[in-house]
């Protein structure tokens, strides 16, 4: 009938994939560079090692590998894709790396672009991609979270260099009668953004007589760890509780809590405030550290492949980080197990 709104479609989460950086750096190895030790790092962060890309391993390499793996699990070809969304803060090309991922995959029918929201990036990208599918404008999307924060870490600052690693994770979304994105909430607060950022260089250079310009490039990551912790343990439980209430779901109905892998203390505090038992909290911090936009899909893929997450499982997920940005999504996994 003329003027009738199109049906709102469900969004199925049907495949996952991940990719790891080539080099493994243990806490003991890192202590050879900075004044730290394994016990100090583990007790404060839960991290035992992290992966760091080699000089010839690009972000596109990691993102394409994760995407290819997700497509294989989903049983879809690159040509089936209508959309590729790459959540990253560390593109190989500042103008965008998603088109290069599209080319590497051979996804000739897909439009591809980057989305930057730091450690919340994957969750924001997942929600964004889902809207294209819900309207019927697109049928299938590949959402990738990938970062190489090792390029922007001050490796002589023991407070921050122990935290970060490189990696990528991906999920295939498909329009479906059964909805796998049951609800979401997203937030930003730029007024508090100074507690965690990766600022551009502020040095100037002469251009012509009477004029100057600011040189390109970025300074290392700047972080107030105490303030970031307070932000996370306050906002993440609150947004998850609000989402569960909106979706009429109780915490004890959840199969898994899938959080951004920033710090084990944060994961434990959020779970405690939600009364979610530790056995339901997914964590791979010990092996990978904080891989920024990659943490959620990388953790999901690992849990799917080792059999912890099964088709039909209900997951509450939250991403949080620089911006400040944070959000939550209630997901039902529909891929193979």
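The backbone N, Cα and C atoms fix where each Cβ goes, and this holds for glycine too.
Which of 256-260, 261-265, 266-270 counts as region 'ACP-binding' depends on Swiss-Prot, and there it is 261-265.
Tertiary neighbourhood of the region 'ACP-binding' (261-265): same-chain residues 44-47, 119, 163, 228-229, 232, 283-286, 288-291, 295-296, 298-299, 320-321, selected by CB-CB distance under 8 Å and a gap of 6+ residues from either end. There are 32 other Cβ atoms within 10 Å of the Cβ belonging to residue 119 (active site). Same-chain residues at least 6 positions away in sequence with a Cβ under 8 Å from that of residue 290 (active site) are, in sequence order, 47, 119, 149, 163, 164, 165, 260, 261, 262, 263. Around residue 260 (active site), a 10 Å sphere centred on its CB holds 32 further CB atoms from the protein chains shown.
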